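Colleague: Below are the features listed in TrEMBL for this protein:
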BINDING   HIS242, HIS294, HIS364, HIS573  Fe cation binding site
Amino acid sequence: MPNMALNGPGVYHRTREHEQEDASNITKNILAQSWKSWPNEAAFDRLEEHRGPLRLTVRGTFPSWAAGSLYRTGPGQSRVEDTARGTHFTTHWFDGFAQTHRFDIIPSEDGETQVWYSSRRQADEWIADVKKKGWRSGMTFGQKADPCVGIFAKVMTVFEPKLGNHNVALLANVPGVPEDEKTEVSNGVTGPLGHRVNTSNLFVSTDYTGIRRIDPSTLQPLGETTQYDLHPSLSGPCSCSHAQRDPDSGDLFNFNLAFGRVPTYRIFRVDAASGETEVLATISDLNVPPAYMHSFFLTENHVVICIPASHYAWRGLKTQWEGNIIDSMKPFDKERKCKWLVVDRRHGKGLVATFSTPAAFFFHSINAFEEKVKDEDGAEQTDLFFDMAKYENMDIIKGFYYDVLMDRDDATKKYWFKNDRYKNCAPTLTRYRFRLPPKPTPDTTFSTSAEEVLAIPSPHAGELPTIHPLRNGKPYRYVYSASLRGLTTSVDALVKTDLDTSEAFIWTGPEGHTPGEPVFVPRPGAVEEDDGIIFSLVVDGVNETAYILCLNGKTMEEMGRAQADFAIGQGFHGIHLPAA
């Protein structure tokens, strides 16, 4: 029988001794088809735009030091009515038309915090194009290309900038980007009660090289910037939604992937002070395959790319034939090991090491850091540590089709029960350790390997991880994530994981309350790493409403919530920007 206590609402303290029991409970809940009683359509379908601002109903307290704006982005509208061919239905969640949300957190003199909400769609040009043609051109994640459309038309529109669907992550204060000359930014003064946020710019990203600039106050799209604008060698079409930032300097890091006879990775840094872009390494080798990657790693001295098993076929050129990422990837092969590239980011040494780990897939890196150690001869060595939310194979990717998420025509059971796929639906927090060679060894045979030194299964760790922002690239203790107990088709809990003790504090809401990514906001001046709060957007699928949940970062107990009387898309990622 499932663990009924953990299945109910509350905050649960679990230890390493509970890991296997709670992990097996996921399987029991799935086999019991528990998702049948967990309504979640409100998180994914018929979502509206609310330009607002609209005042939300606050219950409990929001600390005054959290004043600012919580931005979230992700898929919104999933269908387009009245096209030239009737209603157009989006098939994969990652292809839902982009919508960005803003929650203004405004303390008042009487101590009562106000929360105001507004949202704006970011793909109006693409929606208009779909209405006109009746089919979806441009590159997608999982939407199959229209079979009636010729290959020339597909290729010509695959990476067309205006058809980009920027719905994944938000980047603030991006250095090096050209100023938009067409539209003046509102400077944040149009918010309720004169509310402003402290940012020079705001962009929305996805897994290709274009990022869309938006007005931080009105959320109005302002234009498109590509990596080519940063540096002329960054001309490939693919990149990473999750650029990395040095928490001390503000420098921004990412990679650019170009397809061709020999695919090429270019790892680069944008200097926060000067805005100049430097290519740290150019890696072009047939043994370094092009792959779909959503995130990577940053340590104090290195940028590290992990190429998972999600390789593109035809050296990446199949993307132009298929017009979507899923159908362009090779099937999972357990013999296809993860390949790691370690690039120096301080001294111009380029690629300094490579290694491999067993075949796997991941969306999200969590953090990475370095540690100085003495070997058996007393010589100083550097160990690199990498934490990720790892899947044993790529089954999770197709689990995000809307039919599966919303269990249309029994699609959830049909997909996850086939070949026992449900056994691979939950990630494991996995840490690898790699000892850096004393001299650069850019061996592209990947003959050395890293050691797995920590594994924490779901629900004691989960997806959409977040940490204290100042611990990025440094040793750390706590990670917050959205986890699953097998009660719904996506996530159903929030968890704080202690990496030193493997303890977990798990927050769970009532049935049908689906949380999103936790965003950690540290208390100003705090010393302890978990001294702060967690914001998470929770969709109430029973009443088809939503609320911003505020949890204590230490205890995971609820402090307050701001309630909307309508549903808001579950979305992917968000950031909190302090008030100016």
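Glycine residues also receive a Cβ, built from the backbone N, Cα and C atoms like all the rest.
Note that TrEMBL annotation is computational and uncurated.
These numbers come from a predicted model, not from an experiment.
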Colleague: Long-range same-chain neighbours of HIS294 (Fe cation binding site), Cβ under 8 Å, sequence gap at least 6?
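Modeller: Those within reach of HIS294 (Fe cation binding site), by Cβ under 8 Å and sequence separation of 6 or more, are ASP207, CYS240, SER241, HIS242, PHE362, PHE363, HIS364.
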Colleague: Using a Cβ-Cβ cut-off under 8 angstroms and a sequence gap of six or more, which residues of the chain neighbour HIS573 (Fe cation binding site)?
Modeller: ARG72, THR73, GLY74, VAL168, ALA169, LEU170, SER241, HIS242, LEU464, GLU517
Colleague: Give me the sequence-ordered set of same-chain residues, not including HIS242, HIS294, HIS364, HIS573, with a C-beta within 8 angstroms of the centroid of the Fe cation site's C-beta atoms.
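Modeller: Surrounding the site, in chain order, are VAL168, ALA169, CYS240, SER241, SER295, PHE363, SER365, LEU464, PHE572.
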Colleague: Would you count the other CB atoms within 10 A of the CB of HIS242 (Fe cation binding site), including those on all shown protein chains?
Modeller: 20
